[in-house]
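For reference, the structure is listed below as C-alpha cells.
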C-alpha cells in the first residue's frame, strides 16, 4: 500500500468522461476545502491536485484499528469490515471504506463527523441504510456508494451533496421527491442499474440543476423526457434505445456532450438534433444507423462525432459541413466512420471541408 502522504499528493481532477471510479483517490476535490487555488499554482498545471501543505494537520490520536490516518484522511479500505468503524476523528474530511463487507449503514455510524467532505463506500454489500444515517454529514459533498446491493436511492441525502455516484446497484425505480432539497447537486452517476423508462416517476428530478447525468448500462428503450433541462452532459450508452424522435431532445438545449453509443438506434427523426445548438460532442457509435444523421451541418459548435460501427453505406458531400463558409463557428477535430460499409474512396474530399485536419477523420477497417 502506498503511503498516505503520497496518495494525497497524487489526488487529481477526475475526467467528465467516462466518470468511472477506479479507486478512492480517483475522484475530484475541486472546490473542496483542500483544493489549491488557481492563483497559487505556478509552473506546471497542478490546479486539480491536492496540496498536502495546504491541509491543516490534525493532532487527534484517534484512528480506527487497521486503518491508515493522515491529516484529515481516514483510509479503511480492503479490511473485511462488517460495519463502519468507531473511533473516527471528528475532524475527518475524507473517509474511505471501499472494498469491505459492510451490509448496513446505521443511525449513528457517522455521528460527530460534521466536517466530512467525501465518503467512499464503493464495493461493499450495503442493502440497508437508516433514514437518518447521513443526518450528521452537514458538509458532505461527494458520496460514492456504487457497487453495492441497494434497491432504492438512499433517503434524506445531505442538502450539501454535489456529487452522487450510485451506479452498479439494483435500483429499479426513481420516485418523485427522492432528490428533494438537493439544490447543490451537480453530478449523478447511476448507470449499471436495471432502470427502465417506466422506473422514473414524473417529477423525479424536480428541483435539480444537474450538469452531468449518466444512466448507462441500464434498460432504457428511449431517451427519458423528464430529466433536468440544465444538463450539459447526458450519457445513455449501452442501453436498448431504438430511435430518437423529434421531441426526445426538446428540453436539453444546453447539452455540450451527448452519449448514445452502444444502443440499437436505427432512426433519428429529421430535426431532432436542431434542439441542441450548443452541442460539441456526439456519440452514436455501435448502433444500427444506415446513414449519417441529418442536421449535423446546422450544429455550429459541433467538433466531435462518433459514428463508427454502424451500417452507414454512403456519406454525402453536405452531411457534415454547412454549404456556406463562415457559418460554422468551430471546425471538427474528430469524425469517426470506421467499421461502416462505406466505400471511402468514393467520398468526395469536399465532404470534410470544415475539418481542422484530415488526420481527424477515421475511415476504413470494415468487417462483415
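Every residue gets a Cβ built from N, Cα and C, even glycine.
Quick look at what Swiss-Prot lists:
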type	residues	note
DISULFID	63-69	disulfide bond
DISULFID	67-76	disulfide bond
DISULFID	321-354	disulfide bond
CARBOHYD	42	O-linked glycosylation site
CARBOHYD	47	O-linked glycosylation site
CARBOHYD	180	O-linked glycosylation site
CARBOHYD	198	O-linked glycosylation site
CARBOHYD	270	N-linked glycosylation site
CARBOHYD	311	N-linked glycosylation site
REPEAT	82-102	repeat 'LRR 1'
REPEAT	103-126	repeat 'LRR 2'
REPEAT	151-171	repeat 'LRR 4'
REPEAT	221-241	repeat 'LRR 7'
REPEAT	290-312	repeat 'LRR 10'
REPEAT	313-342	repeat 'LRR 11'
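The C-beta environment of residue 67 (disulfide bond), restricted to residues of the same chain at least 6 apart in sequence and closer than 8 Å, consists of 74, 75, 76, 79, 85. Separation of the C-alpha atoms of residue 354 (disulfide bond) and residue 270 (N-linked glycosylation site): 22 Å, rounded to the nearest whole number. Mapped onto DSSP helix, strand and coil, the repeat 'LRR 2' (103-126) counts 0 helix, 5 strand, 19 coil. Annotation note: residue 69 (disulfide bond) sits in a strand segment as assigned by DSSP. Put simply, 321 is the one of the recorded positions 69, 198, 321 whose Cα lies nearest to the Cα of residue 311 (N-linked glycosylation site). Spatially, by CA atoms, the recorded positions 63, 180, 321 include one closest to residue 270 (N-linked glycosylation site), and that is 321.
Note on proximity: of the recorded positions 63, 69, 198, 321, the one nearest residue 180 (O-linked glycosylation site) is 198, by Cα distance. In this structure, residue 198 (O-linked glycosylation site) is part of a helix by DSSP. If you draw a 10 Å sphere around the CB of residue 198 (O-linked glycosylation site), it holds 10 other CB atoms from the protein chains shown.
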